[in-house]
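According to TrEMBL, the domain 'G-protein coupled receptors family 1 profile' annotation covers 34-301. The transmembrane segment annotation in TrEMBL covers 22-41, 53-76, 96-118, 138-155, 183-203, 239-260, 280-301.
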Amino acid sequence: MSSTDIQRIELLIRISNQISRYFSIFIFFGGTVGNIFNIIILSDRSIRKLPSVFLFLIASIASLIAIHLGLITRMLSGWASDPTYSIGWLCKLRTFLVFVSRAVVFWLFVLATIDRLLLSSSENRQRRLSTMKNAQRGALFVIIMSIIIYAQLFYCYEANLTNAPFQCYAKSSSCQLLTDMTFASFTTIVPLLLMLIFGLMIISNIRQSHRRLCQTSIETMTHRLSPSQQRSKKIERHLLFMVFTQVLVLAVLTLPQAIQRLYAAFIGPYNSRLQATKDMFVYNIVLLLTYLASAMPFYIYTLTGGNLFRKPLLNLMQRIYRLILCRRF
């Protein structure tokens, strides 16, 4: 290996370590604050009975778990040793919980898209399927399915590895291939494809609904809709916008890692240490992007949720402000 290659490797490692350390801190604190606010706001009694809101709430809890388990050790790199690198059961458990929580987030958004699809239907029978009970059943099924799919990590991952990118890593190439393929397909690509398909079906339902409305005069429709019905329609629009925006952000921030892991799985062993270092550099960047996706929902909902989300947020901020004043005086 030439001296130039050695210098490039050292430079890439330094840059990767600095990005992992400081960008992780930004994502960690922004994601923690955002997801905690999400959990509090989505638990508000004025909106918590909506099936989509319930799914958003569970997704926020799963995102918080993924951020904490996935980023704490990255933030501490360079300042403290990572216990998951040396303790076998801790390595397995952390990896399992991170993968499961991230899969749960994706599939919960699939369920939220299905809920929006049901409510956009012109058939009463389909709209009646959008219930809190079905949302709870779907969430439970997603959690159990994710646990079963990723149970193989307890066998595949080991600590104290020397010939691997990380000391806590898959113990064989077959295990790594299985993990990469599972993550790329089950956690990322398949859910995103389903969200895309259901999203297109929602758009089709909305267009059909608009065509039906065009056949009726605006004055007649305004007269028919009561204030509560108008408020319900407004809530549905906000929830639909929240779902679509969240799906778009998930696709932009998570597809790069799925593509990178598929690429790494099929190119086989690296021909040089420099190529392996480049791949790990790219992997660190796209991995942080997936954690950024877990940190974004609160800020997405604040921008796209209208009064449905902002009103409970404002009430929460007012309660916090009053509490601070009471403690001060």
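The backbone N, Cα and C atoms fix where each Cβ goes, and this holds for glycine too.
Predicted automatically and left uncurated, TrEMBL annotations should be read as such.
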The transmembrane segment (280-301): which same-chain residues, six or more beyond its ends, come within Cβ distance under 8 Å?
12, 15-16, 19-20, 23-24, 27, 30-31, 33-35, 37-38, 41, 56, 59-60, 63, 66-67, 70-71, 102, 105, 165, 242, 245-246, 249-250, 253-254, 256-257, 260-261, 264, 309
Could you tell me the mean pLDDT over the domain 'G-protein coupled receptors family 1 profile' (34-301), as a whole number?
84
